[in-house]
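Some features that TrEMBL has for this protein:
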- 1-397: domain 'Major facilitator superfamily (MFS) profile' (DOMAIN)
- 20-40: transmembrane segment (TRANSMEM)
- 52-71: transmembrane segment (TRANSMEM)
- 77-98: transmembrane segment (TRANSMEM)
- 110-135: transmembrane segment (TRANSMEM)
- 155-174: transmembrane segment (TRANSMEM)
- 204-223: transmembrane segment (TRANSMEM)
- 243-264: transmembrane segment (TRANSMEM)
- 276-293: transmembrane segment (TRANSMEM)
- 299-324: transmembrane segment (TRANSMEM)
- 336-360: transmembrane segment (TRANSMEM)
- 372-393: transmembrane segment (TRANSMEM)
Amino acid sequence: MIVSLLVDQIKADLEISDFQISLIQGLAFAIFFTVASIPIGRLIDRVNRTRAIAAGIAAWSAATVACGQASSFMGLFLARMGVGVGEAVLSPAAYSIIADSFPRRRLGLAMGLFGLGSATGAGLAFMIGGGVVALVAQADTMQLPFFGAVRPWQFAFIVAGLPGLLIALAFLFIPDPGSAARAVKTKGLPWSTVFAELRQRAGFYWSVFGGVAAVNLSVLGTVNWLPAMYMRGFQTDLSTTGYIAGVLLIAGGLLGMVGGGAIMDRVGGGVPAARMRFCGWAVAIAIIPAVAFPLVPNIWLAGLLFVAFFTAAAAVVSAAPSVLQELAPEGMRATIAAVYVFVINAVGIGIGASVTAAISDALFPGGDGIRNAMAIVAPFGYAIGAALFFNAAKHARR
């Protein structure tokens, strides 16, 4: 997310276009994130999951620091690919651990709390990143021990990446719940069993995968350009933009992931079909703010409408993984979670930011055209997602 805040600074230093920025935001990250997610998920079903998470955090933190050393488009592109490899570990491992640690009737809230960490992290990255860059913006370059001369935007990447190495170390001391039992149950589980499960329940699995992928397209096609929308459309400075974007993401995440997860647990309980219908109605209703938030002329109204838009997506993040983990057979939960991660991010991260940039460049040339492109992309994915979630509800029985 920090790339989104630094769009104009990176463009100026590396002399690249909005479309090239979108490739760094999306395609670079998605290439290895999606390709690595399935074999990594397969591996996680067989190894100590907390140690796998530690390795993933260390990898993406080191790659984030490497982004701060990039001095060309290709250098930054390759470093972002490294971030994707590390982050491919987290979701399959975390979903599997959560499913082993909570009863079914509480999975929605548990998944929501996990998802809130992602939204909060993105929000804090905006807030802290904007503050850090604003603090050092007057300096042309800075001299850092071990890193040498860096530009302000490079400094922000380094500051964002270094703490993760300490967090990775801490995860080495966290035990994996139920690892011994898992090792016995999953030994020798063939790929054919996983494929048979996905084929037998194709109407359910692929509706969930496709629905979340469509929602992800809308969210990442807008969130990646949210700071640019504020700076270009409302002329906010970098520090103010980071604060606004951070608050909006955290607020939407809290309402959708925790509030939505709690509501689903209360209303839907352990009934997967009820959870999927909740997702369908949430994104269907949110189509209205999805169209409106990029276009309204008032900065505060735009923020409120964005929170409504993002809350629906955040609720989906709570519901979809919990339903998948409820219905996936034990021993292949991380593998199916990895297929889910592969599909939703190949679409959302892989092309979301680039679709918005391409529409802006082709149909709305000019500095403020990104807002019009966002108003097309945001409702498009939500409409498709709603239809697929209602279809998933029809097939959500084991």
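Backbone N, Cα and C define each Cβ position, glycine as well.
Sequence-distant contacts of the transmembrane segment (110-135), counting only residues of its own chain at least 6 positions beyond either end whose CB sits under 8 Å from a CB of the stretch, comprise 1-2, 4-6, 9, 94-95, 98, 101-102, 152-153, 155-156, 159-160, 223, 227, 237-243, 245-250, 252-254, 256-262, 314-315, 317-319, 321-322, 325. The transmembrane segment (204-223) is in contact with the transmembrane segment (372-393), judged by 3+ CB-CB distances under 8 Å for residue pairs 6 or more apart in sequence.
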